[in-house]
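S.K.: Dumping what TrEMBL says about this protein:
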- Glu93: active site, proton donor (ACT_SITE)
- Asp240: active site (ACT_SITE)
- Glu334: active site, proton donor (ACT_SITE)
- Glu352: active site (ACT_SITE)
- Thr438: Ca(2+) binding site (BINDING)
- 632-722: domain 'PA' (DOMAIN)
- 767-781: compositional bias 'Basic and acidic residues' (COMPBIAS)
- 767-867: region 'Disordered' (REGION)
- 814-828: compositional bias 'Polar residues' (COMPBIAS)
- 832-843: compositional bias 'Low complexity' (COMPBIAS)
- 847-857: compositional bias 'Polar residues' (COMPBIAS)
Amino acid sequence: NQVLEMFDHAYSNYMDHAYPADELMPLTCRGRVRGQEPSRGDVDDALGKFSLTLIDTLDTLVVLNKTKEFEEAVKKVIKDVNLDNDIVVSVFETNIRVLGGLLGGHSVAIMLKDKGEYMQWYNGELLHMAKELGYKLLPAFNTTSGLPYPRVNLKFGVRHPEARTGTETDTCTACAGTLILEFAALSRFTGASIFEEYARKALDFIWEKRQRSSNLVGVTINIHTGDWVRKDSGVGAGIDSYYEYLLKAYVLLGDDSFLERFNTHYDAIMKYISQPPLLLDVHIHKPMLNARTWMDSLLAFFPGLQVLKGDIRPAIETHEMLYQVIKKHNFLPEAFTTDFRVHWAQHPLRPEFAESTYFLYKATGDPYYLEVGKTLIENLNKYARVPCGFAAMKDVRTGSHEDRMDSFFLAEMFKYLYLLFADKEDMIFDIEDYIFTTEAHLLPLWLSTTNQTISKNNTTTEYTELDDSNFDWTCPNTQILFPNDPMFAQSIREPLKNVVDKSCPRSISRAEESLGSGPKPPLRARDFMASNPEHLEILKKMGVSLIHLKDGRVQLVQHAVQAASSLDAEDGLRFMQEMIELSSQQQKEQQLPPRAVQIVSHPFFGRVVLTAGPAQFGMDLSKHKSGTRGFVAAIKPYNGCSEITNPEAVKEKIALMQRGQCMFAEKARNIQKAGAIGGIVIDDNEGSSSDTAPLFQMAGDGKNTDDITIPMLFLFNKEGNIILDAIREYEAVEVLLSDKAKDRATIFKGKTIPNYIIDSNLEMENMDQKSSENDSHKQNSEEASSAPQDVGTVSEEHKEEESSDVSDPDSLSLAQSHSDSISTSDQDSYIPGPGEAAAPEPACTQGDDQPQEQQTESDSKVNWDNKVQPMESILADWNEDIEAFEMMEKDEL
């Protein structure tokens, strides 16, 4: 009854104050109309001036036994809603919310009509609208891969001149992989097979492009090439409903290949991503390496999916962990760290946790989950309810509101909460006859035997050998899983009931206990005062010593062997980690702009710009606008941690070196002593990229670094490999280190420019434009003058020391000992050969004003002043160069 009253409060306020607008703004008590309110970016792509909230709520009305209101709502949708608006919308959101809402409404409408009391006038009008909308979404699939564009214009499609969309190159995995339920249902309802065919093709393509060694998929993919753009993988935002739809497509359509794919992915998820009770993102190529230290709230759906799969134990564990976070913050923050602190503080009234709660109650029958539901209801009424509906939380820590009530709140939250508490007699139909879409819309299971126009060729086994153990828990019988044992779920939850409190530093500090001061809150990094004697005594107990540096900074060093006990050493390590995070956060807040490494030699001529991180020491490139230009050479030893043994190869050049084994400043001093005019440090973490990781500023070593006068830049592994591969291909590679990318006229000022890159040559300019558009998503070659990235501060790790160095938060540097290691073979694989590292500079025939040409494999040299090539030959050479450069980006290299 409470859920019904809350739904009435939200729905009636939308209808009274917002309809026919897409959404209700509950603080200002009016409708949100796109174009009339300040843009919220991608969030607004869900709004299409089609009364979104009403369509999304249709089948909720029937679930809550509000059949009269449903009948009125359907008539309003048929009469008022226009789907032919000149507006760009998200294909994903429009599919799950609008197409799904129309199909869910049609499903329950025909059910009510069959019962003979309501909807007797209904003649498939909602289905007709769904089909119209389906055809409006189809232009988005006009790609070679079959993956849809992320956005489509409802009136003009994608490539039409007036469409204002169709230039995107990337989409999220969930965006392309969350179509099969709605599109297949539309095909089965109408007999038009094209919708199911398109959705299947998109799923087939994603499956084929999965990372074969890990069986994981990335977050975003290029819709034209199929290359992974973001290569981190989890079960939350960007991927979540792709996994959900594989399993549910099997349930709805009965196609074994979907189950086989899901089980293959699920096996990988449980092997790499699941770290009970946590679910942490990993890299698809290095799945043992965590990609981040926080989780987003969308993963709260996963325990519900695990129930559907039949894997109950980890579902109970993850759900309990999430519930502890909710009890701490009242709501699930949009993102929270592995030690359960708030990472993103918003909460837009998401329903995923309520969904998992419902599924777990259905599976276990444990009344504990009714208590969980009661908590959700109480928190919504206490903290989110406002006079004109329910308002999203802007910050769960402060309880501040946002003028927002998304359509999914009415579509999902009240549906799952009502079903959680409803008895069978409270329902006017059997919910078990339907499957829920990701937006909780109802599709009838009888669709599996209707209009089967799609052949069920099993393509899964073409790609992988399936492990039979994946199938052990298919279609489990909950009567066997829970044989009259109400304590089964309780026994799994019990060890996790204090997991949040234990991870968040609320417990008694062992160091303070040993001081005899009794229970006190533990010393937090943000509270630490170097002048407080009590704090210094606590640090001493934890094995942390404090060093005052000459430049006024304070350095912290932990030696675990000096701690009072192993438990105190653990406390010390946690304190150091907090200090690291605090210092890193402070650096990110400064939003220091990245630097640029621009390859200016043949065949790149300034077209390739790599995003680089700056250093706190050495030449400040922002004050030297001309930058530093020179040929690159790899140093020996490659880590740069001792005297350079090949100074003749490094002198007057920009030195390349690998990260690791000593401080950044030490590397800089060694190459400067060898005569280098600059340095580039390349990350030793294979696969790292500025595309997916935040840049940081290389810190000093706690000493005076005024003696370092050369510029130093940091490149992630992916960008660094572009230079190393260029060396292997062209031997002599010249780069420009600068604060931002320079145009080619500036780069070649005073030099003779090869005629085929002169900007006034219209034909070549068109080709350059075309090639840059084609490669912009693949190369990390955006100009550094584009949107600045946050740059944190990280100093190099001395990986063989046992001590941990960390600067006081007031200082700008940070040092921590790390146990991360890298194998010799990994390091060697990135070291250029001797001939490459010390490539001789080609002689110029007419003085220094001539461009220095690179030696080709056939040892032929080209002098642009006395040798003229026909245009066809130049174009062919340039095309070959483009192809070679594209190959360098392939993951296989």
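Easy rule for this one: first residue shown is 1, then count along the chain.
Every residue gets a Cβ built from N, Cα and C, even glycine.
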S.K.: Counting other Cβ atoms within 10 Å of each Cβ, which of the active-site residues Glu93, Asp240, Glu334, Glu352 scores lowest?
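M.R.: Among the active-site residues Glu93, Asp240, Glu334, Glu352, the lowest count of other Cβ atoms within 10 Å belongs to Glu334.
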S.K.: I need the CA-to-CA distance for the residue listed as 'Ca(2+) binding site' versus Asp240 (active site), whole Å please.
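M.R.: That separation, Cα to Cα, works out to 9 Å.
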S.K.: When the Cα-Cα distance from Glu93 (active site, proton donor) is computed for each of the active-site residues Asp240, Glu334, Glu352, which gives the smallest value?
M.R.: Asp240
S.K.: Please give the average pLDDT for the domain 'PA' (632-722) in this predicted model.
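M.R.: PLDDT averaged over the stretch: 89.
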S.K.: May I have the DSSP-based helix, strand and coil counts for the residues of the domain 'PA' (632-722)?
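M.R.: Final tally across the stretch: 20 helix, 21 strand, 50 coil.
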S.K.: CB neighbours of Thr438 (Ca(2+) binding site) within 10 A?
M.R.: 25
S.K.: Measuring Cα to Cα, how far is Asp240 (active site) from Glu352 (active site) in Å?
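M.R.: Here the two Cα atoms lie 11 Å apart.
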S.K.: Just the number: how many Å between the Cα atoms of Glu352 (active site) and Glu334 (active site, proton donor)?
M.R.: 12
